[in-house]
Structures are given as structure tokens and as C-alpha cells.
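Asks: Summarising the annotation, TrEMBL assigns domain 'G-protein coupled receptors family 1 profile' to 22-294. TrEMBL lists 6-32, 44-69, 81-102, 123-149, 169-195, 243-263 with the feature transmembrane segment.
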Amino acid sequence: MSIWELLLAFLVVLLMLVALLANVLVLMCFLYSADIRKQVPGLFILNLTFCNLLMAVSSMPLTLAGIIYKSQPAGDQVCHAVGFLETFLTTSSMLSMAALSIDRWIAVVFPLSYHSKMRYRDAALILSYTWLHSASFPIVAASLSWLGFHHLYASCTLCNKRPEDRTQFVIFTGVFHTLSFLLSLVVLCFTYLKVLKVARFHCKRIDVITMQTLVLLVDIHPSVRERCLEEQRRRRQRATKKISTFIGTFILCFAPYVITRLVELSSVVHINSHWGIISKCLAYSKAVSDPFVYSLLRHQYKKTWKDILNKILKRSSINSSALAGEPHSRNLPNLKKLPKAPKIHIPASGSD
């Protein structure tokens, strides 16, 4: 193996371990907190978490083996199954992010009617459409034998090995990425830009009230005034940073892989195998970033996993203190076996 292949193999191992740890932590928070389970977006986050976990235990290990052995790491049936699962999970992850953006859009733009427009039944219907949409493409690919080991990406994925099917495969690949990546990106941009517009409007209203208050408070200390102005700047930047993170991570992780898949269809451009694996690793990195972007960095999830950690540490400290006190208790005499002190009867005195 060359130094490049060693680095790529190490990168896949790192992505796999971090994805497993982070998504398991999200799943633990979901199971531990009743408040998180009550929230409607929790269904989309749960679906996204399961997609990331299955990706980390199915597609990533075979890609690692493909990088090491430079050939198909398993039998045809296993590779076809993993390719089917990889196509389904990638599409489901993209559509889950789009569903989360729709949920945020309804919550921010229509706050008074949110509970009537986004109920558990509505979320379940959206999730059912997501699964149906995601399963349709790998089913078509499996029926046309377009699943297999692709040497450019060292993974089991969409792959056409028959030259006579090239035109059909080009059309299928274009439609697939249009209705998965491009559709999700359009929904993300539309909904989050609407959310940003509302957030900026509220920030302006708060800024006007803050400035009016600072003008009226003539005797306010300069440090307090400066702190209020700094909070204004942070408030304006907070929504922009969050929305930029949602859209930016989606584009950064998926766009290189999608563009590479589309460019690959042209026989004019030659794609380096190392770049193919790097683009695949960038797509895998979405399974690492999703737990932090959508869950673990939020206040509710932070509080939940801190509670879980404190509970585990408290239980271990109680067990260790009990084990530490056990030898001392063995050295103590058994009080039940000691003879009882005789009762002394004091006769009543006549003078009393």
C-alpha cells in the first residue's frame, strides 16, 4: 500500500469510529429523555441517526476493505446488498435533512399554527414518503443489475459494467441525483433562507427596543452599554451561522461526490482513483457531522447527555465506595451474635 492509501484507510477508520460513537450518543439521548421523544422533529433525527449508524456498519467497512485489498472485498450478493443499502441510506439522509428544514420553517414562519400543521401523524407521513422515495431508486438499480463494486470509489455502490446500458445508466444517474441531492438542496435553501429572513426581522425589532432603552437610561454604566451592543451583534450573527452550517455541511459533504459521479459519466474526463475515494469519504463525513449539527450541540441534547454521564459516574462512585467499605465491614464483629446486656431491675424507693 502507498502512503496515500494508508492515509485514506486511516481516514475511513476514523470516520467510522466517530460516526458510531456520535450517533450512538444521539440514540441514547433520544431513549433517555422523554422531552426529546415528545418533539415531532425527533422522528426525523431518529431516522437520520439510524441511517448514519447503518452506513457506518455496512458501507464504510467494505470501503475500508476495498482500499486495502484493491478489489471487491466480499461476494457479489453481499456487495449488491450493501450497494442497495448505501443508495437507500444516502437518499434517506438527504430527505431527512430536507424534512428537518421544513419543520423549522413551519415553526418559525407559522409559529401559531405549528402544532396543527406538524403533528406526529404528519411527520410519519413525511417519513413514509422519504422511505418510499429512497427505496425506489435502488430497487430500479437492482432490477437492472446496476449495483456492484466500483473501483474508482473502492466501495459497493451504483455501478454499470455493461456498455450497452450506458445511455440508460446516464439518464438514471442524472434523475437520481436530481431527485435526491438537488431536490434536498433546493428545499434546504428555500426553507432556511425564509427562516433567516424572519430571524433578522425579529433581531431588528429587538435592536430598536434595546437602543431606545439605552437612550432612556442615561446613567447606565458604559460597560453595561457595551455588553448590550455586543449581545446585539451576536444575536444577528447567531441565526446566520446556524443556517450557514446546515446548508454548508450539506454542500461540502455531498457536492464533491455527486459532481464526481456526474463527471464520471463523461468518457472525456479522467478521474483519479484517490480523488474518487476522497469524495466518497466526504460523503461519509456527513454521518459524522449530522449528530453534532442537528443534535449534540443543541442545549437540550447537551443537558441530556450530561445527565446520562453524571448518572453513570454517580453509580460507579457509589459502587466503588461500597466496595471500598466492604473490607472494613468484614473486620467488624457481628453485632447480632454478641450477647445482650442483662437488664438491671431497680426497685422503687419508698421516699420517692
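Here the Cβ of each residue, glycine as well, is placed from N, Cα and C on the backbone.
What you are looking at is a predicted structure, and each value in this text was computed from that prediction instead of being measured.
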Asks: Within the same chain, where does the transmembrane segment (44-69) have neighbours whose Cβ lies under 8 angstroms from its own Cβ atoms, ignoring anything closer than 6 residues to its ends? I mean 6 or more beyond.
Replies: 1, 5, 8-9, 12-13, 15-16, 19-20, 23-24, 26-27, 30, 79, 82, 85-86, 89-90, 92-93, 96-97, 99-100, 103, 123, 126-127, 130, 149, 153-157, 277, 280, 284, 286-287, 290-291, 294-295
Asks: Give the one range among 6-32, 169-195, 243-263 whose Cβ atoms make the most pairs under 8 Å with those of the transmembrane segment (81-102).
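Replies: Out of the listed stretches, 169-195 contacts the transmembrane segment (81-102) most.
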Asks: Given a Cβ distance threshold of under 8 angstroms, which distant residues of the chain, six or more beyond its ends, lie next to the transmembrane segment (243-263)?
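Replies: Contacts with the transmembrane segment (243-263): 94, 97, 101, 158, 173-174, 177, 181, 184-185, 188-189, 192-193, 195-196, 269, 271, 275-276, 278-280, 282-283, 285-286, 289, 293.
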Asks: Could you give the mean pLDDT over the domain 'G-protein coupled receptors family 1 profile' (22-294), rounded to a whole number?
Replies: 88
